[in-house]
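Structure record follows, encoded as structure tokens.
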Amino acid sequence: MTLKIGGIVPIVRVMRDTIIQRPVSTFVRYHSKRSRSFKKKANHKPGQVIRSKLGKTLEAPKTQPKLFSFGNFSGLDQPENKLKEMSSNAIKNITSFESLRIFPTVRSAMLEEIKYGYNLKSTYIKSKEELEIKPSPVQIAAIRKINQPRLRNVNAEKKLADKKASGQEILEDLQKSNEMNRLKIFTIAAETGSGKTWAYLAPLLSKLKEEDMRVFNMSEQSYADAKKTSIIRSVILLPTHELVEQVYDSLKRASKASIDLEASVNKKILQDPQYARYLSLPENQTSLNLNVVKWGSGDSHQKLFDAGRKRIDVLVTTPAKIQGLAKLNNVSRPFRLFNFVEYCVVDEADTLMDKSWIVDTTSVIRRLSKCKDLIFCSATIPKEFKKTLGKMFPDEFSIINIVTPSLHKIPKQINLKVIDAQLSPYNGSKTRCLAQALYAIHNDGTEQGYVKRILVFVNEKRDVQPLADTLIEKFGHREEDIIGITGADNADDRLAKIEPFLKPAELLEEDLDGSKVKVLITTDLLARGLNFNGIKNVILMDLPNTSVDLVHRVGRTGRMRQSGRVFVIIDKKTGKSWIKGLPKVIKKGIPLG
């Protein structure tokens, strides 16, 4: 006897005393007309009581979440429901950054930086001062977990009637010391464009400021000496120099953001003796005053050593740059600045932990012997990434996983359309299909008065320039409007080319090129983490190779709850029947597998 319940096909075995339902598949399959059809659905619903032939009853199990999973589009790991539920409950109860444990001046600087990057176009808000910034789900979940005190009630008075033996006191002191210094590993996974950067920056900067305040309140001289030490306190690792620039710019703006203590910090905090003394320092009156250093493409090792003559609070770089120090045969102890790093963030971890990067990334991590917090942050959790972490840290309880309920789901505010190049008038030409899509976007009446920016993704870098040339020569696009980028371009050229796409859209009359539409053609090189400010349209010229790539490409639009459109162009070779089900998958909120 076979039933189909809620999209799951279970096998039902009628035994003497019980009914056993064994799930066979939790995947959603989209079949072509020629594929075999399933048997008609039974009327049983999840949670319904089923009566057996012998009169025994058993409640039907609730169905597991459906997945959109096919072939190479099945490489994503699905977190346990319990983990998502825990995160969901916390998210429901918190609606303000004031409810989160963030150092007061860090909170103020963070809000100013978030407002700076907010796109007011197409909103009713006239100025950024009117914005009410609320934490996103991933920010709530991550800040709560990472900023939890390592020791609770450390300063509470002992309530034991009898004085403890000296041996017991020594043991407790050792246990406290171990707890304060042991390595804690966090993974942060949330949908693209959800605010993950500040999900790890807020705890990181808070810990740095709290440590400064602790040292200052112990001894002003110790605090002054600590600021002169030649060390790096924290490191943020990123896969590309574009991302290094992006994260560094956010940190620099936050570090230099103007802070009005009276206006932005709670009066109770200002009256707290430990905060009052530290915040009264002139250096804390107007900004975070943190030393943030970028070590990017083209920067010599000497730049790092020069910056390290005074304490570096945050270093933003790539794993390859740090590992490059090993080649300096004429420099004594080239890694000496990293001996006291206490906090390390591996951003875009699904990339930095794949086979192309893992050797450099893990080599850097191994050098951080004093690290207390190691944070892996990503928009996806590939199965291979989870296996790699399991090998690195065999004790599963040593890893604290932080996920959001919408992980691996394409945001519903993204409108995805599949265009079949086999149909008339394209007649099998994907390039003609692309040209028509660009024309339609240009004339659709949206973003009036602004230069429209469009991202086009292809799978191979060898296709970038030929496609750009075809759009210019055959379809009449201006050369200054079609921009192609590959890994062959040096980092400075890439930054110059993508600048119009990273900043808010310009008014038509202010664009120096006189452009009405700008098109950026690239590969997955630029699909990871970059915040393309206010981009409304993304075109996938080629079907991505995996669901990981699909999530990242689509995630260049629809960021921070803003709307976006994605056009997927298919032909006879890539026009699988299941790909046409993607729009429904998004509308129904089904995660990718």
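For all residues, glycine too, the Cβ spot is worked out from N, Cα and C.
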**Prompt:** Given the ranges 36-43, 132-139, 284-291, 404-411, which one is assigned the annotation motif 'Q motif' in Swiss-Prot?
**Reply:** 132-139
**Feature motif 'DEAD box' in Swiss-Prot, mapped to one of the ranges 347-350, 387-390, 395-398** = 347-350
**Message:** Which secondary structure state does DSSP assign to THR197 (ATP binding site), in the simple three-class scheme?
**Reply:** helix
**Asked** Relative to the mean position of the Cβ atoms of ALA190, GLU191, THR192, GLY193, SER194, GLY195, LYS196, THR197, the recorded ATP site, which additional same-chain residues have Cβ within 8 Å?
**Response** SER136, VAL138, ALA199, ALA379, ARG559, MET560
**Cβ-Cβ under 8 Å with the motif 'DEAD box' (347-350): same-chain residues at least 6 beyond its ends** = 187, 196-197, 200, 236-239, 243, 247, 376-382, 385, 528-529, 548
**Request:** Could you give the residue numbers and ranges of same-chain residues that sit at least 6 residues beyond the motif 'Q motif' (132-139) on either side and whose C-beta is under 8 angstroms from one of its C-beta atoms?
**Result:** 87, 91, 94-97, 100, 111, 114-115, 118, 188, 190-191, 194-196, 198-199, 202, 402, 404-406, 560
**Other C-beta atoms that fall within 10 angstroms of the C-beta of GLU191 (ATP binding site)** = 24
**Request:** Starting from the Cβ of GLY195 (ATP binding site), draw a 10 Å sphere and report how many other Cβ atoms land inside it.
**Result:** 19
**Message:** With Cβ-Cβ distance below 8 Å and at least 6 positions apart along the chain, what are the contacts of THR197 (ATP binding site)? List them in sequence order.
**Reply:** VAL247, SER250, ASP347
